[in-house]
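Colleague: The structure that follows is given in the form of structure tokens.
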Amino acid sequence: MEGQASGPDDKILPLPDEFIEFLNENGLDPSIYVANDSTPRYIRFKPGFEAHIEEFESEINCKLERLSWLPNFYCLPPDIRIASSKAYQEGKIYGIDAASGAAVSALDITSGDHVLDLCAAPGAKLCMILDLLGGSGSVTGVDIAQHRLAACRTMLQKYALGDRCRLFVADGTTFSLLPLRVRLNSKSFEPTESMLEGKSEIYKEWTSRRPWKERKKASKARENGAYKLFSQTHDPELIYYGRDSGVVGLSKNKVYEHLNDYKVSKYGYDKVLVDAECTHDGSIRHIQKFEQWGWETLHRRVLDAERTDELTTLQLQLLSNGFRLLKVGGSLVYSTCSLTVSQNEGVVEKFLSQNKSAGLLEIDSARTWPCKSGQIPKTLRFDPNTSCTSGLFVAKFTKLEI
């Protein structure tokens, strides 16, 4: 499947001249945007469930093809639907593009790591992170859109992966809470006078049944149209935490405690994923939708220079904040599903110029991946023609001690 391109019967979308010019400026081949999309669908089996492959194949009447370069990943034709299958409904498999899986794999997650997913929705990468984590460590998922993060929570429950996870509705550019090992390893983790007097809220085991007052407040917020995105004026909202996430038994003050830069460098996250908001022009299925939505919508969402400038500013802020929360010696992966230079190499160059403690890392496992090198050494690019995946840019950093 490596290097597969569109076939002779594929019909090229009637792309606007302005978009063709946009692609040429970024060195992209317009032929990757084919109407009869030949890019496969990818699924990942949860560890321990690969014994059910033949049963799944029989149910969907299709033979899976194992990916040699990405463990637990399989591909199938794009027209095969999996939602009604027993394996999917029972939480044994989930859909995730192989390029996205590669971005997670690049983190080299090991048991005991404390991982931050700074742009966690819609949740497939979050599930893979938790799968790789195993029985120790923790994962913190953050997203600015509550309804999207609620979908992540649903996924965690469906796939029984939430024990070591906590989810915060928060702005990823300003989120500043560290893994809870800081509190557990710190001498300051002692019951305070207010806790002993019952004045500070203590987190009990999480339940989906929220208190009446909280539900009433949420209902009122929805009525006022104020329940869509997180507000920077509010603290991060903890909407889920597993029994082994470190939250249970702590006070709210401890969970929301802010620490100085020295403690961040020592006790920050071991691994950080910043899969940043972008124009999604590397997602071929996303671009195809504009044929129905109207190409003027494409101009507004992808080609508009003002929007692109706003996005690159946001991407740099997300990358910078994710790096700030990384401990010295830790690893951060930055990715976007855009194929433009400005949202990828441009952001990386600016970030490196502003952060002397940041170093680009070679992704060792990428030697067997079907992808291209980016315009900056050690960065990678996936695209449908080269990789038979959706488009994705990947860069890996470490934090140096200076």
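For all residues, glycine too, the Cβ spot is worked out from N, Cα and C.
Pasting the feature list from TrEMBL:
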- 28-400: domain 'SAM-dependent MTase RsmB/NOP-type' (DOMAIN)
- ASP143, ASP171, ASP275: S-adenosyl-L-methionine binding site (BINDING)
- CYS337: active site, nucleophile (ACT_SITE)
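Give me the lay of the land around each of these features.
Modeller: Residue density at ASP171 (S-adenosyl-L-methionine binding site): 19 other Cβ atoms are found within 10 A of its Cβ, drawing on all protein chains shown.
Taking all protein chains in view, 25 other C-beta atoms sit within 10 angstroms of the C-beta of CYS337 (active site, nucleophile).
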Colleague: Within 10 Å of each Cβ, count the other Cβ atoms and name the one among the binding-site residues ASP143, ASP275 with the highest count.
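Modeller: For the binding-site residues ASP143, ASP275, the Cβ with the most other Cβ atoms within 10 Å is ASP143.
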Colleague: I need the CA-to-CA distance for ASP171 (S-adenosyl-L-methionine binding site) versus CYS337 (active site, nucleophile), whole Å please.
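Modeller: For ASP171 (S-adenosyl-L-methionine binding site) versus CYS337 (active site, nucleophile), the Cα atoms are 20 Å apart.
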Colleague: Greatest CA-CA distance (Å) over the residues ASP143, ASP171, ASP275 that the record ties to S-adenosyl-L-methionine?
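Modeller: The widest Cα-Cα gap among those binding residues is 14 Å.
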Colleague: Pop the mean pLDDT for the domain 'SAM-dependent MTase RsmB/NOP-type' (28-400) in here, whole number is fine.
Modeller: 88
Colleague: Tell me the Cα distance separating CYS337 (active site, nucleophile) from ASP275 (S-adenosyl-L-methionine binding site), rounded to the nearest angstrom.
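Modeller: Counting only the Cα atoms, the answer is 8 Å.
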Colleague: Round to the nearest Å and give the CA-to-CA distance linking CYS337 (active site, nucleophile) with ASP143 (S-adenosyl-L-methionine binding site).
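Modeller: CYS337 (active site, nucleophile) and ASP143 (S-adenosyl-L-methionine binding site) have their Cα atoms 17 Å apart.
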